[in-house]
Structure formats: C-alpha cells, structure tokens
Amino acid sequence: MATVRICVCGDEGTGKSSLITSLVKGVFVTNKIQPILPQITIPPTIGTPENVTTTTVVDTSALPQERSNLAREIRKSNVILLVYSDHYSYERVALFWLPYFRSLGVNVPVVLCANKSDLAADHSEAQVIEEEMLPLMAEFKEIDSCIRTSAREHRNVNEAFFLCQKAVTHPIAPLFDSKESALKPAAVAALQRIFYLSDKDRDGYLSDKELEDFQMRCFEKPLSEEDLVHIKETIQKTHPTSVAPSGIDCRGFIHLNKMYAEKGRHETVWIILRAFQYTDNLSLQESFLHPRFEVPPYASAELSPEGYRFFVNLFLLSDKDNDGGLNDAELASLFAPTPGLPASWADGSFPSSTVRNEAGHVTLQGWLAQWSMTTFTSPKTTLEYLAYLGFESSDRSNPSTTAALKVTRPRKRRKRPGRVGRNVVLGHVLGPPGSGKSALLDAFLARGFSTTYHPTIQPRTAVNTVELPGGKQCYLILDELGELEPAILENQVKLLDQCDVIVYTYDSSDPDSFAYIPELRSKYPHLEELPSVFVALKADLDRTTQRAEYQPHEYTAMLNMPSSPLHVSVTWSSMQEVFVHIAEAAMEPSTAFPRSEEDVEGKWMAWGIALGAVVCAGAAAVMIWRRVSGSGT
C-alpha cells in the first residue's frame with residue numbers, strides 16, 4: 001500500500017492554491033485565498049488507485065525567501081505537480097523548474113499541468129499537447145504525464161491529482177524508454193517470464209483459453225470474443241506472423257504491452273506485472289520469493305505430494321522429444337523464467353550429481369531426486385525456484401509456495417528403536433584417500449567404473465532413490481566432503497542436525513587404509529553419536545591384513561556394532577545392496593549404533609524367556625497328554 005505525497009510547484013500566480021482548493025471544495029472559490037495553503041490529507045475515494053491509502057497535498061511558494069522550504073518539501077515528496085498558466089511560466093518550466101529539481105538530486109515523477117485553460121480558448125487541446133507538452137516530455141524524461149486544467153471551471157482538477165497518484169503507483173519510467181520508443185530490458189524480461197508461465201502447455205503460443213485464464217488472473221473479469229479479436233487484429237497490423245491458429249506468440253505479447261505503454265495505458269502493464277508479484281523496480285516481491293518457512297532443529301524439509309506433482313508435470317512439459325530425459329536445451333528452456341540453475345546445483349556439478357540416461361540426459365527419477373536433495377539441504381532455494389517457475393497452490397488455506405513443502409518430525413533420540421519420519425536422508429562418506437569413495441558414488445548413480453584415480457578436492461554429491469525391504473522408497477543423499485571434511489566434521493551442532501548416517505570406507509587391499517577410520521573417530525568423538533556403516537571396498541582384489549591396532553572385524557566387534565564391515569566391490573552386481581543397507585541405517589538409526597551391554601543382556605534375556613516359554617509349554621503338553629491318557633484307561 002502506498003502513501004502519495006504530492007508537492008505542487010510552479011511560478012507565483014499560476015493557480016496552484018486554486019487547484020488545491022478546487023480539489024477540496026469541488027468548486028472554484030472566488031474569495032481571496034491565502035498565499036500558501038496548509039498541508040492537506042485526502043482519504044481514498046472512488047477512482048483512487050486501489051493500492052493508495054492516503055494522499056497528502058503540499059502547497060509551495062516560488063518566492064526566493066521560501067526557497068529552503070520549497071527544497072525541503074520537494075525532497076519529501078514522491079511526485080511533483082508542476083503548474084504553468086501562460087507563455088512566461090511555460091518557458092520557466094524548461095529554464096528553471098526542471099533543472100532545479102535535478103539540482104536537488106530528486107528522482108520522482110513530474111506531472112505537467114497547463115492551468116487556466118479557460119483563458120486560452122483560442123488554443124485547442126491537441127495544439128497545446130503538440131506544441132507545448134510533447135517537446136518538454138521528449139527533453140525531460142522525468143515528466144510522467146501532462147494535462148490541461150481549469151480551477152475556475154473545475155475542469156480536469158480531480159484528474160490532475162489522479163495522474164499524480166498514478167505516477168507513483170504505476171510509474172512509466174521503469175517500463176518504457178521514450179527516447180528509444182521501446183520497453184526497457186527489465187520490463188521485457190518480466191513480460192517474457194509472464195508469457196512463459198501463462199503458456200501452460202509450453203507450445204510457444206497463448207491460446208484463446210490461455211488468454212482467457214490470463215485475463216481472469218490479472219483483471220478478474222472474462223475476456224469477451226470482441227476483445228480477443230481486437231487484440232489479435234492489433235498485433236497482426238505490425239507483426240502478422242505473431243498471430244497463428246495456435247494463438248499469439250511472445251513477440252506479439254510483448255508488442256501489445258509496448259503499445260499500452262506508448263499510449264499512456266501503462267497502468268494496464270502494471271496490473272499485469274503485479275498480478276505476477278512484481279514490485280515497482282521490476283523484481284519479484286521478497287515475501288513471494290522467500291516466504292516464512294521454519295525448520296526446527298533435528299527436523300528436515302521435504303517436498304509435499306503437491307510439490308512432487310508440480311515437478312513431475314514440469315518435467316513432462318519440458319521433455320519436448322519425449323525421450324524420458326532433459327537435455328541441455330530442454331533444461332535451458334525450463335529454467336528460462338529463473339536466474340538460471342540454482343547456485344548449489346552448479347557447485348554440485350549438476351547434472352552429474354543425479355541419475356541420467358545413456359545419452360547423459362537427466363531422467364525423471366534424477367530430476368525428482370535433485371529437487372528432493374535441494375529441499376533437504378536448502379528449502380529456501382526450492383521455495384525461491386517454485387516462485388520463479390510458477391507454482392500455484394491448490395490449498396486455499398495456504399496459497400503460498402510453502403504448500404509444496406512439508407516439515408518432518410524432529411528426530412532427537414536416534415538410539416530409540418523405530419523408523420525416522422522422513423523420506424530423504426543424508427550420509428557423509430568418509431575414508432582415506434584412494435579408498436574408493438568416488439567409485440562408490442559413481443556406482444550409486446549406476447555409472448561405469450573407471451580405473452583412473454582422480455583425488456577429490458571439491459565436495460561431491462550424489463542423490464538417488466533406494467527401494468527398502470517392503471517396497472517403500474526413500475531418497476538417499478551421499479556426499480564426499482573433499483577439502484571441506486575438517487570444517488564439516490568440526491561443526492558438531494550442524495553435523496548432528498543434518499547428517500543421518502556416516503559411511504566409513506576403506507580399501508581392503510591396502511594394508512594402510514583402515515587405520516584412518518579409528519584415528520578419525522578419535523579426533524572427532526561426536527561421530528559416535530551418528531549411525532555408522534563400515535564398508536570394505538575393492539573386495540574383488542586380494543584382501544590384506546591391516547596395519548592397525550585392531551583388524552576391521554575386531555574393531556567393529558569391540559564397538560559392539562550390529563555387523564562387521566560389508567565387503568563389496570563396485571564391479572559386483574550386488575553392489576546396490578550396500579546402498580539399501582546404508583539407507584536402512586539412516587531410516588532406522590537404532591540398528592546402526594554400537595549395542596550396549598544392556599542391549600546384549602536384553603537379547604539374552606529375551607532368548608531365555610522364549611526358551612523358558614517353550615519348555616513350560618512342552619511340560620504342560622506332556623501333563624495334559626498324561627491326564628487324557630489316564631482318563632481313557
């Protein structure tokens with residue numbers, strides 16, 4: 001909502017005070033008026049732009065002794081009504097007033113007002129506009145609009161102040177470059193995005209149905225057949241190829257809005273822009289891009305069913321060749337209404353971070369996995385891109401983009417039996433250099449094995465779906481920390497909050513490999529608070545004795561881990577079972593912690609109770625058989 005402050009300026013005797021009085025009284029006041037009227041505040045009335053709350057009108061004097069007050073009021077205003085009434089005061093507009101405004105460093109729109117039109121009956125409206133106003137508008141871009149008024153006849157008085165309000169609420173300057181006679185680049189970019197979002201079937205045209213939906217969204221009234229024909233005819237006059245049986249293309253849509261701006265109907269363009277959440281500087285509203293969304297400690301964010309449905313539909317619409325994957329051109333088209341790929345995707349080497357087909361194109365599985373990971377690691381990024389990409393909530397109680405997300409239950413006590421209430425989990429893959437961490441991530445994404453060793457410097461991430469026993473699926477994020485490993489492991493609070501499982505890897509064929517793991521756990525003792533899975537990689541090579549205080553199986557037994565290290569090779573077909581094991585450890589964390597003595601004693605007690613129950617049941621059966629046998633003899 002806007003508060004409009006109008007500063008009325010001009011030479012002495014041009015009728016500034018009479019215009020203000022005529023506005024307030026509704027008629028011309030013949031009595032003598034004081035030289036400078038006090039400030040007045042006008043509440044919204046019929047015809048006031050809907051986003052204006054109050055309008056303040058300030059009268060000023062052009063006398064030299066009042067110059068400091070004049071400068072102060074000009075700086076406080078957000079629009080200037082500049083009044084002239086004869087040839088002398090008209091000449092002063094260009095020679096004094098407009099240069100004076102510039103010297104003050106103000107950047108506000110100016111509405112030029114030719115007052116006392118009742119005294120210039122020999123000049124027609126068109127002549128005044130052509131000879132006086134248009135040359136000034138061409139020279140001074142700060143002039144938003146012009147109008148002829150008469151305070152005596154109460155002619156166009158209300159309209160003059162309405163133009164001032166509109167100059168604030170619907171400014172022309174951000175939209176149109178009158179010198180170039182073209183829409184400004186930022187306006188074109190915004191309108192291109194609006195066209196893209198309104199083109200629901202992504203065929204490059206706004207069909208009649210899409211135009212009707214667009215009309216209802218922006219103006220809340222239906223588009224008549226007459227208006228539809230008129231729009232197409234208007235575009236066809238200058239861009240014949242922009243109108244086709246399929247509808248109007250983006251070029252025609254941009255041209256239509258350019259015509260609105262040229263003809264002073266820029267209010268129409270602003271209504272369109274604001275319907276799509278644009279601000280006065282043509283950026284998207286901050287509250288729209290970044291709505292309030294809190295994730296409590298030990299909880300996480302995930303896509304809701306509506307969020308997944310949106311990204312599925314977006315993928316299907318963007319897969320133009322129907323090959324089941326998004327190629328570079330299709331991805332570029334999909335992200336056209338956004339600033340580009342999310343920064344985290346570029347840092348994570350997308351699309352190599354997710355599932356691709358043989359041609360290297362991102363599959364639907366990989367697309368959803370990537371967004372699941374983004375939502376988990378940075379829900380604000382997902383919300384921002386949902387806004388850019390045109391997500392529309394079907395939930396009337398929550399019309400914002402947050403309807404596409406949900407928050408999981410906090411998981412604080414991981415050692416308590418039971419599954420965590422989340423479908424996306426994160427595992428850090430730790431191990432010495434050369435242990436096979438990168439090969440593990442490649443295998444997770446079904447990539448071929450490479451014998452060439454490339455040490456990981458930058459962090460690397462992989463995300464994919466894992467099918468758990470029973471048929472339930474979850475998204476598993478595995479990352480290799482690279483040079484950031486010390487910083488991430490030292491941040492205990494963040495590590496325990498975000499990480500769901502630690503995967504310790506070592507090369508079973510390298511005698512110096514395993515010693516890294518006990519040293520790491522000793523250096524960062526809080527790692528013991530996270531579920532753990534030990535994996536012996538390169539099991540296709542000869543296993544060797546480790547030069548460590550304890551052998552791997554002895555170390556895990558000493559920790560009372562539920563199982564010994566898993567011996568696997570990325571060249572084996574059974575490799576996928578490792579990822580199921582890792583996902584299960586994250587989803588049911590109590591199964592991946594060292595078993596305490598109470599757990600072991602409890603297990604033996606359970607066995608004892610079970611055995612005792614069997615013995616008792618057997619003895620009871622014998623007694624019953626004997627009784628039955630005895631009664632039968």
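Yeah, the Cβs are placed from backbone N, Cα and C, and that goes for glycine too.
If you check Swiss-Prot, you get these features:
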{"type": "BINDING", "residues": "10-17, 59-63, 115-118", "note": "GTP 1 binding site"}
{"type": "BINDING", "residues": "Asp199, Asp201, Asp203, Tyr205, Glu210", "note": "Ca(2+) 1 binding site"}
{"type": "BINDING", "residues": "Asp319, Asp321, Asp323, Glu330", "note": "Ca(2+) 2 binding site"}
{"type": "BINDING", "residues": "431-438, 467-471, 537-540", "note": "GTP 2 binding site"}
{"type": "DOMAIN", "residues": "306-341", "note": "domain 'EF-hand 2'"}
{"type": "REGION", "residues": "398-418", "note": "region 'Disordered'"}
{"type": "TOPO_DOM", "residues": "625-633", "note": "topological domain 'Mitochondrial intermembrane'"}
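All features noted in Swiss-Prot, drawn onto the structure.
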{"residue": "Ser117", "record": "GTP 1 binding site", "CB count, 10 Å": "21"}
{"residue": "Asp199", "record": "Ca(2+) 1 binding site", "CB count, 10 Å": "20"}
{"residue": "Asp203", "record": "Ca(2+) 1 binding site", "CB count, 10 Å": "14"}
{"residue": "Tyr205", "record": "Ca(2+) 1 binding site", "CB count, 10 Å": "21"}
{"residue": "Glu210", "record": "Ca(2+) 1 binding site", "CB count, 10 Å": "18"}
{"residue": "Asp323", "record": "Ca(2+) 2 binding site", "CB count, 10 Å": "13"}
{"residue": "Glu330", "record": "Ca(2+) 2 binding site", "CB count, 10 Å": "19"}
{"residue": "Lys437", "record": "GTP 2 binding site", "CB count, 10 Å": "24"}
{"residue": "Leu468", "record": "GTP 2 binding site", "CB count, 10 Å": "15"}
{"residue": "Gly471", "record": "GTP 2 binding site", "CB count, 10 Å": "6"}
*Rounded to a whole number, how many Å is the Cα of Ala539 (GTP 2 binding site) away from the Cα of Asp323 (Ca(2+) 2 binding site)?*
37
*Far apart in sequence but close in space: which same-chain residues, 6 or more away, have a Cβ under 8 Å from Gly10 (GTP 1 binding site)?*
Lys16, Ala62, Leu82, Val83, Tyr84, Ser85, Ser89, Trp97, Cys113
*Quick one: pull the CA-CA distance for Gly471 (GTP 2 binding site) versus Glu330 (Ca(2+) 2 binding site), whole Å only.*
32
*Give me the Cα-Cα distance between Asp321 (Ca(2+) 2 binding site) and Asp203 (Ca(2+) 1 binding site), rounded to a whole Å.*
13
*asked:* Considering Cα atoms only, can you say which of Ser117, Gly434, Lys437 is the nearest neighbour of Glu330 (Ca(2+) 2 binding site) among these binding-site residues?
replied: Lys437
*DSSP three-state assignment (helix, strand or coil) for Gly10 (GTP 1 binding site)*: strand
*Using a 10 Å radius around each Cβ and counting other Cβ atoms from all shown chains, which of the binding-site residues Leu63, Ala539 yields the largest count?*
Ala539
*Residues near the Ca(2+) 2 site, Asp319, Asp321, Asp323, Glu330 excluded, by Cβ within 8 Å of the Cβ center?*
Ser318, Lys320, Asn322, Gly324, Gly325, Leu326, Asn327, His361
*Across the domain 'EF-hand 2' (306-341), what does the pLDDT come to on average, as a whole number?*
95
*Sort the binding-site residues Leu63, Asp199, Glu210, Leu468 by C-alpha distance from Asp323 (Ca(2+) 2 binding site) and give me just the closest.*
Asp199
*Could you put numbers on the helix, strand and coil content of the region 'Disordered' (398-418), residue by residue per DSSP?*
4 helix, 3 strand, 14 coil
*Give me the Cα-Cα distance between Asp203 (Ca(2+) 1 binding site) and Lys437 (GTP 2 binding site), rounded to a whole Å.*
44
*Taking Cα atoms as reference points, which of the binding-site residues Gly13, Thr60, Asp201 is nearest to Gly431 (GTP 2 binding site)?*
Asp201
_According to DSSP, does Ser117 (GTP 1 binding site) sit in a helix, a strand, or coil?_
helix
*Of all the binding-site residues here, Asp201, Asp319, which one's CB has the most other CB atoms within 10 A?*
Asp319
